[in-house]
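Taken from TrEMBL, the feature domain 'Pyrroline-5-carboxylate reductase catalytic N-terminal' applies to 26-119. The transmembrane segment annotation in TrEMBL covers 217-238, 258-283, 304-324, 358-384, 396-417, 423-454.
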Amino acid sequence: MSSYEILLNSDDCPFCHDTETMENQTIGILGTGNYGTALGKRLLQAGYETVFGSRNPLQRSFITRDKQLSNVKVDSVKNVLTNKEIEIFILAIPYSSMESCLRPHKNDLVGKIFVDISNRTKPSKFESNAENLAIIFPDIQFVKSFNTLSAYAVESENFGGSIKNFVAGNNRHARERIMQLSRDIGIPPVDCGNLGAARKLEAYPLTLMSGWGIPSIYTLVTFLVWFIVVTAKIVIYYTSHNLQISWYRMPLTFLNKIVCLTAITLLASSYLPGCLAGFLQIYNGTKYKDFPKWMDKWMKSRKMIGLYALLFSFWHAGMSLVLISPGYANSWYLTSPHANSSVISPYEVHLNLKGESLISTGFIALFLMLLVGISSLPSVSEILNWKEWRFTQSHLGYVTVFFSVMHVFIIGMPNWLKHPSSFFYSNTFTCCILPLLTLFLKLVLCLPGVSCYVDNIRAGWERRKPEKIENDIPL
């Protein structure tokens, strides 16, 4: 018999022994609200016996409320807490009621495990709810768990996304038992260590769009800058040609230009910091030197800026589909002059080379950007290995930037050739400066000598500065 088989058959096996003892265990749930009932259903499906504790057990019967829990016993809080067969309790009641609920029975709860699923209503820099309970009742083993999951995520078997249960507790044995319970009900646990981690776990549900502040401000500023630039150029053009400004075209036609310019600027802004980081590492000769603060924040904002670029790209594509007609984009269509003066419109309904190339490159860029955006979702990135994820996020990303530039070039090239003097003045050229710079820097980093040098630095190699030779020989 192998040593592994001996371990499995022994009483000291840390895997099988805990599972056997928990199969027929009774779990006490204090509280009959949405979260308590959701956990109760999960526990019943996993084969656990469940007893609910309520202040009014006669009025909280599940016979008429929920068919899945119709056979579950609802008893008084006192009877549940004093039940010697129950070793694990789930506190599905408000935090303000926990101390008054447990204090009368604290002598009967020595060594018992209590799972605190409560959350704060406001962030706190001091002790968490679970830590406060552990201070008040030092003889009870408190474990922080399930507080980052909603009742719907716990109850629903078709919840659209991967869910994880973060577990924190000072007692390792108690923490491992709750982690095993979480596995049994089909929710993968994550060991967060001691109860001090409960502060972060309780702060997590209070965060709103964490990390999106700087990217949102940058996106808004970029949009406003292009709005001012485009509007100013429209006013200058119409005024210099003594034309009346068609303000009625602002909600769609003019806005579409602004959205397009914002989208390509945001797309380039999400990939430019990666190139700059490579050159900074070359300059420093090491990866262990921290980036400047502004650079570090920019690097951390790349994903959000890229998602904003995807949003603006869809916005631009939607408005462009509405505007695709000879009346709005006559340069996209074939012209067919007729001798008959009765013909009103000189345009056919067929796209010319410019129109077809423009739409084709635009859709290629949009679909590639959508693919990159989907791969950034946690549920998708989890199934990708490092090489697949890097290929999608990095290589396909730069291909997206390239097709976006081609899309703009096709729009602006005819005007550039027709009016060379206004080349640097045009919006189509101005918006391509940042993407072209990004592509150029990436091309330099992809050169064989440079690429190997950067890879060595990122693998831990450091460029040592030449040591100063001290001449100890007197002259």
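Easy rule for this one: first residue shown is 1, then count along the chain.
Each residue, glycine too, has its Cβ placed from N, Cα and C.
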Positions on the same chain near the transmembrane segment (396-417), where near means CB under 8 A and six or more residues out: 260, 263-264, 267-268, 270-271, 306, 331, 354, 357-358, 361-362, 364-365, 368-369, 371-372, 423, 426, 428-429, 431-432, 435-436, 438-439, 442
Mean predicted confidence [pLDDT] for the domain 'Pyrroline-5-carboxylate reductase catalytic N-terminal' (26-119): 90
Three-state composition of the domain 'Pyrroline-5-carboxylate reductase catalytic N-terminal' (26-119), taking helix and strand from DSSP: 34 helix, 23 strand, 37 coil
Intrachain residues whose Cβ lies under 8 Å of the transmembrane segment (423-454), provided they are six or more past its termini: 226, 229-230, 233, 257, 260-261, 264-265, 267-269, 271-272, 275-276, 278-279, 281-282, 398, 401-402, 404-405, 408-409, 411-412, 415-416
